[in-house]
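Asks: So TrEMBL lists the following for this protein:
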type	residues	note
COMPBIAS	312-321	compositional bias 'Acidic residues'
DOMAIN	129-247	domain 'Palmitoyltransferase DHHC'
REGION	306-328	region 'Disordered'
TRANSMEM	20-39	transmembrane segment
TRANSMEM	55-73	transmembrane segment
TRANSMEM	177-199	transmembrane segment
TRANSMEM	211-233	transmembrane segment
Amino acid sequence: MRRGWKMALSGGLRCCRRVLSWVPVLVIVLVVLWSYYAYVFELCLVTVLSPAEKVIYLILYHAIFVFFTWTYWKSIFTLPQQPNQKFHLSYTDKERYENEERPEVQKQMLVDMAKKLPVYTRTGSGAVRFCDRCHLIKPDRCHHCSVCAMCVLKMDHHCPWVNNCIGFSNYKFFLQFLAYSVLYCLYIATTVFSYFIKYWRGELPSVRSKFHVLFLLFVACMFFVSLVILFGYHCWLVSRNKTTLEAFCTPVFTSGPEKNGFNLGFIKNIQQVFGDKKKFWLIPIGSSPGDGHSFPMRSMNESQNPLLANEEPWEDNEDDNQVGLSRP
């Protein structure tokens with residue numbers, strides 16, 4: 001009886017947590033909907049008098065708005081990609097590992113299993129990176145997210161503003177969302193500013209639109225400052241081929257710690273996120289190369305690195321805690 005009550009309470013708490021996790025997204029959606037109303041109706045249709053200016057403003061605004069909402073949607077609803085089955089322990093290996101009481105033997109078991117996998121990174125102590133919650137050997141750049149309760153390939157961070165874990169599957173969309181958000185705020189601020197001055201000087205009648213126009217400029221500038229800082233930081237990360245987690249904690253390879261272990265050079269670093277076809281760079285469709293399990297490394301030259309040599313030697317057969325960063 002008591003056990004059933006505890007299980008029901010635990011389930012209720014998990015349900016409440018899921019609902020509350022959507023609150024930041026709801027806030028963003030409401031702000032965006034209000035900004036659409038304020039710009040399209042109160043500014044363009046009511047305040048702006050020139051028909052030509054109305055048309056130009058509305059066309060440019062909707063072009064930016066489409067890409068802004070499209071990339072936000074993709075950032076939210078593109079599921080984090082998890083390691084495939086060959087990185088999971090088999091039932092037999094799992095039984096052997098859990099029944100073994102000697103830590104040094106467990107460590108050697110993981111080393112033997114990792115020899116069959118394209119795994120080059122280690123823990124700070126030099127051990128094979130293993131997730132005891134997902135029961136798998138972590139691929140390079142993979143980390144466990146405590147919010148999503150899963151291991152995420154090339155995890156960057158968990159973002160409450162999209163209620164999703166940012167990693168290999170959606171990092172490109174997240175960057176595009178930041179870029180179009182900056183452009184969206186900048187466009188609103190620059191086109192609203194002249195009418196803000198006119199309202200301030202009393203050159204326009206003090207009607208309901210005045211409040212929307214004044215507040216629209218304030219909100220656009222406020223979001224622009226915070227977003228341009230965040231976008232600039234992620235541009236720096238992309239230029240160095242790092243994730244947010246790797247920027248805070250230097251990855252350790254079999255040869256030792258190396259903060260630039262995945263740095264391939266500026267152009268190749270960008271291509272690791274956006275792909276080598278520039279026509280897809282601005283469009284929110286998947287174009288990141290690879291499968292998220294293996295990555296080219298600076299420490300290997302082309303003859304040693306199968307990924308740089310465009311080879312596929314790895315056959316398909318066969319306790320990091322997530323850092324929750326409160327940023328959009």
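Including glycine, each Cβ sits where the backbone N, Cα and C put it.
Annotations in TrEMBL come from automatic prediction, not curation.
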Asks: Average pLDDT across the domain 'Palmitoyltransferase DHHC' (129-247)?
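Replies: Across the residues of the domain 'Palmitoyltransferase DHHC' (129-247) the model's pLDDT averages 94 on the 0 to 100 scale.
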Asks: For the transmembrane segment (20-39), I need the partner stretch with the highest count of C-beta pairs below 8 angstroms, choosing only from 55-73, 177-199, 211-233.
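Replies: Ranked by Cβ pairs under 8 Å, first place goes to 211-233.
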Asks: With DSSP helix as H/G/I and strand as E/B, how many residues of the domain 'Palmitoyltransferase DHHC' (129-247) fall in helix, strand and coil?
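Replies: Helix/strand/coil tally for the domain 'Palmitoyltransferase DHHC' (129-247): 68 helix, 16 strand, 35 coil.
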